[in-house]
Amino acid sequence: MANSATNKKTTLSSYFHSLSQTPQRLKKRMLATWTPDQELNQGRQRSGADMKRSLEWYDLVALGLGGMLGVGVFVTTGSVAHHQSGPSVFISYIIAGLSALLSSLCYTEFAVQVPVAGGAFSYLRLTFGEFVGYFAGANILMEYVLSNAAVSRSFTEYLSFAFGQNDPNVWRVKLHGLPKDYNMLDLPAVSLIILLTLCLCYSTKESSMLNLIMTIFHVIFFGFIIVSGYCTGSVKNLVSPKGLAPFGVRGVVNGAAKVYFSYIGYDSASTLAEEIKDPSKNLPIGIVGSVLITTVLYCLMSLSLCMMAPYNKISDKSSFAFAFAKIGGMWESNLVGAGASLGIVASLLVAMLGQARYLCVIGRARLVPSWLAKVHPSTATPLNATLFLGVCTACIALFTDLDIIMELINIGTLVVFYLVANALIYRRYVITSHTPPFYTLIFLFLFSLSALGFSLSWKFNQLWWGLPLFGGVMITITAFYHHQVPQTHAQHAATDWCVPFMPWPPVLSIFLNVFLITTLKVLSFQRFAMWACFITLFYLLYGVHSTYQAEEIEIAANQVNSSSTNAQTNKVEVQVL
């Protein structure tokens, strides 16, 4: 007892001493970057066992499709069509798809050159340092957990239609005494999350095969809905009762920000870079291909829905099942419920696969407890991270209403994609080309400021003069930067995939992400600010000290190994003499 009390007192004293060193440690760690070799070798060694490279390009395409298809059409389309875009919701999907495609190009170049499981976290830590990488990784994790919780609750709604129940809450349990929007317990959603968590703990390849089978059936099911909608629906519903865009261009753009939730799944494909065979060939096909296919299917599906019913009669929840029920096809409604449930299972499987790899790599960096980084030697999966995030997702899905979750999702994702686009420009022009960082940083700052000015001018109608002014500034400074600042490719650029026409694709990605961020509600910014404060506080109280101590231990170990090696070398020389 005495020894235990003494140890606790010593540990507490050591922690308070570490806190007193926070400014010095922040100065050393906050902007500390890793090289690609460190990320590929040193970081992976911290997980113990390696993940198996067992996936092909078609696995990646299927995982990308599975991650996105079940989310967007079945969760967001009805709500956006009814409240924001009207029948022109397909245009909202095109805008969001363009933004996702440009972001996916940025992700792909990073994933090819640094094929590790960390996604945006690894890419930003390589470029802008530890804190920016951590901030992005924490936001992506929040997006994954919240979106998975939202999708799992939507699964319960569609499953009720599969069994002929028109009430989406029929399988939920109302608990009196809890606040509204938190009092409907969703046990089927929790059961699904637990089942998928156990599946993902077993094997990545088997999980990928399960997703491939479900995705094939899901695409066939999409084809059924598209054909049925066009055959049973009417083109008149696209222009009735108030035209193609009843809420105007502003409504279409605002809808694009909300349906962007539908594209969250594609970046989970980049987190599988450690498990892909021939990453330089298979990653571009898998990531970009899945985004393009998904965008086409989203547009066709949303058109089909709006042809089956006028936009003002489309249901917010389980919209496709409701639409088929209204046109008299009860068996079709049941089939839609079953097919949508299957698609949602596939999207959850992929998203939960990606979120565990994000947390695993953040654990390797020692920004969270290191036991979350462990890869199980027999299953070659990040077991601890998978179980931990599965429990977190299940807890949120059990209580929280779908609308509450949706408010939090998009802003963090857009911020991370904005950072990745900036990082690609900085890496290509500064780190790879060895030009002074000042010019690139000034360009990125001025462009972001101009994009923000353009977006706010759009948001507030009275500032119409800002559209041509800030639009012209963005084009001018980009053209000037492209002409004045040289870029050279690294030695591997001749064989590795790179984003073409630099810097225009990532610049356009920056603009679209800023533009979509400004269309979100004030409540989204308030909740994002609260989350940002929380993760920053966690970094100050834990992350920076953990990474500092890990680095000190590794430096000491390397010095010991170096001394031992030198001693052995000297001994051999003496024996030779």
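Backbone N, Cα and C define each Cβ position, glycine as well.
Whatever TrEMBL says is automated annotation, not expert-curated.
These figures come from a predicted structure and were not determined experimentally.
Per TrEMBL, these features apply:
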- 497-546: domain 'Cationic amino acid transporter C-terminal' (DOMAIN)
- 57-78: transmembrane segment (TRANSMEM)
- 131-151: transmembrane segment (TRANSMEM)
- 182-202: transmembrane segment (TRANSMEM)
- 209-230: transmembrane segment (TRANSMEM)
- 285-309: transmembrane segment (TRANSMEM)
- 335-359: transmembrane segment (TRANSMEM)
- 379-399: transmembrane segment (TRANSMEM)
- 408-426: transmembrane segment (TRANSMEM)
- 438-456: transmembrane segment (TRANSMEM)
- 463-481: transmembrane segment (TRANSMEM)
- 501-523: transmembrane segment (TRANSMEM)
- 528-545: transmembrane segment (TRANSMEM)
Checklist entry - Are there residues at least 6 beyond the ends of the transmembrane segment (438-456) whose Cβ is under 8 Å from a Cβ of it, and what are they? => result 422, 425-426, 429-430, 463, 466-467, 469-471, 473-474, 477-478, 481, 484-485, 507, 510-511, 514-515, 517-519
Checklist entry - What stretch in 57-78, 131-151, 285-309 has the biggest tally of Cβ pairs under 8 Å against the transmembrane segment (335-359)? => result 57-78
Checklist entry - So what's the average pLDDT for the domain 'Cationic amino acid transporter C-terminal' (497-546)? => result 88
Checklist outcome for this item: Taking the transmembrane segment (379-399) as reference, the highest number of CB pairs under 8 angstroms among 57-78, 131-151, 408-426, 501-523, 528-545 goes to 131-151
Checklist entry - Does the transmembrane segment (131-151) reach the transmembrane segment (528-545), going by 3 or more CB pairs under 8 Å (6 or more apart in sequence)? => result yes
Checklist entry - Near the transmembrane segment (528-545), which same-chain residues lie under 8 Å Cβ to Cβ, leaving out any that are not at least 6 residues past its ends? => result 15, 18-19, 21-22, 25-26, 29-30, 130-131, 134-135, 138-139, 142, 366-368, 408, 411-412, 415
Item to check | DSSP residue counts for the domain 'Cationic amino acid transporter C-terminal' (497-546), split into helix, strand and coil | outcome: 40 helix, 0 strand, 10 coil
